[in-house]
Amino acid sequence: MKPETIKKLEELKNCLKEIHYLEHASAILSLDRSVSMPKNGSKDRGEVLGCLSNIVYNIITSDRFKNLIYSFQEEDLDFISQRGIKKLKKYFEDMNKVPEDRQQQWIITTSEAQSKWEEAKIKDDYSIFKPSLEEIINMTREFLEYYGYEENPYDALLDKYQSGLTVKKLDKVFYDLKEGLVDILNKLKESNVIIKEDFLKKKTCKTQQKELCMYVLNKIGFDFNSGAVAESEHPFTTNTSNKDIRLTVKYVENNFTKAIFSSIHEGGHGIYEQNIPESLSDIGLNGAASMSLHESQSRFYENIIGRSYEFWKGIYPKAQEIVNHLKDVSLDDFYKAINKVEPSLVRIKSDEVTYNLHIIIRYELEKMIVNGEVNLNDLPELWNKKYNEYLGMNAENYEDGILQDMHWGAGMFGYFPSYALGNIYSAQFLNAMFKDMPNMYEEIGKGDLSHVNKWLRENIHCHGEIYDTDELLKKVTGEELNCKYFLDYLRNKYSKIYNVSL
């Protein structure tokens, strides 16, 4: 590259570093808000986060930043730098769409709303959270006018988490997915197999749960020298860099597997972040191509690895040693229990077959909310109506109903589809992985995930945001998005567990 181009790239690197430092501070303050901040600190914390966000906003929307990123000639840059500049231009343009004062108010509002959501969930009182939710919805609709959209307002929200994703595309994917899932569920109902799971509900002290969670995280490859685990009401992952990944877990005394699988899920997010090359931060590509791709990694570790027979075969003796009441439970019985298909009211407690129906419910509700088709007072009732329609269940409280997720309090409308897409991507990646490593599950059964981690690192993680999701999927699998692989994965796995043809 030309000396002038190299000099400007160095200036850009320093500018991005300044932004990163501010976002680093915001991430730690946000983590603390959910983990240890006292209730009365909510308002002040929101204002601090709003102030930091405003500083970042001013840097990104400044003439200095604009002139710098638009000064590069594509032919003067290498491929990675071209992709970085393209991404930063979109970042600049998107940030400029929202007025500074409204951007700052959004941070304050969502920060306070998350505290209200936690209080409402603990007290099982929707009225505590409803005013905050109403404010977030109103601001979301306001922001849609800033973002702009061609067909459906919800498209603008989907685009935040996966560039180019639209309702039109998603409706087609979810239609095919729903048809396949309903078919599998109906056939599973014909099975005579009875799966016992009472031992999963036995009381397990936090000390034992924590020890098993840490052991499992270590086995899947989470690097504790660059990561740590805390507790929160709803599990999540926060990263400041690939050297500092924070996971949170919720321990439930009478359901120890909830902590185990949420640990593996968040650990999957963390491993992805830990494996993204630090050098990509120089050009702003040190993240995931989309949240769907991020969720593909968390769901891959949680389900395709974490709920496999082979994974538990490799670690079950240690699990029995840590959790006393598992000593009388066979590996076969444990495996079947953690894969039991049974409709649940709570998304994060649901099985692999019904999980995506939880996502489709939220997707349909969010479209209605964003398009002003539902009154906030009627939302809990509509929630139950959807659950009755899809899963034949009604929530008897708000905690297991409309208050179960943290996402709306965080203003994350448009995020939920990422989970379902992540499931589809994960199975498509599995199919590609099998072609390269046909004996992968045999190695996993020996307690060795190094080959799996290496494949994911070299094929997905190392690229950061160089490629968009569709490009990377095609590069890795040779195909476009196809839910066939996910449905085939379910059919193959659950036909064996339930001894029925799927």
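Cβ atoms here come from the backbone N, Cα and C positions, even for glycine.
Per TrEMBL, Zn(2+) binding site is recorded for H265, H269, E295. Contacts of E295 (Zn(2+) binding site) defined by a Cβ separation under 8 A and a same-chain sequence distance of 6+ are given as S418, Y419, L421, G422, N423, Y425, in order along the sequence.
Under the heading active site, proton donor/acceptor, TrEMBL lists E266. DSSP assigns E266 (active site, proton donor/acceptor) to a helix. Remark: E266 (active site, proton donor/acceptor) has P235, F236, T237, L247, T248, V249, S298 as non-local neighbours, by Cβ distance under 8 Å and separation of at least 6 in sequence.
Proximity of H265 (Zn(2+) binding site) to non-local residues of its own chain (separation of 6 or more, Cβ distance below 8 Å) is seen for P235, S298, R299, Y301, E302, G306, given in sequence order. In sequence order, T237, I245, L247, H294, Q297, S298 are the residues of the chain that are 6 or more apart from H269 (Zn(2+) binding site) and have a CB within less than 8 Å of its CB. Residues T237, E266, G268, H294, Q297, S298, R299, Y301, E302, G422 surround the recorded Zn(2+) site, their Cβ atoms falling within 8 Å of the Cβ centroid of H265, H269, E295, which are themselves excluded.
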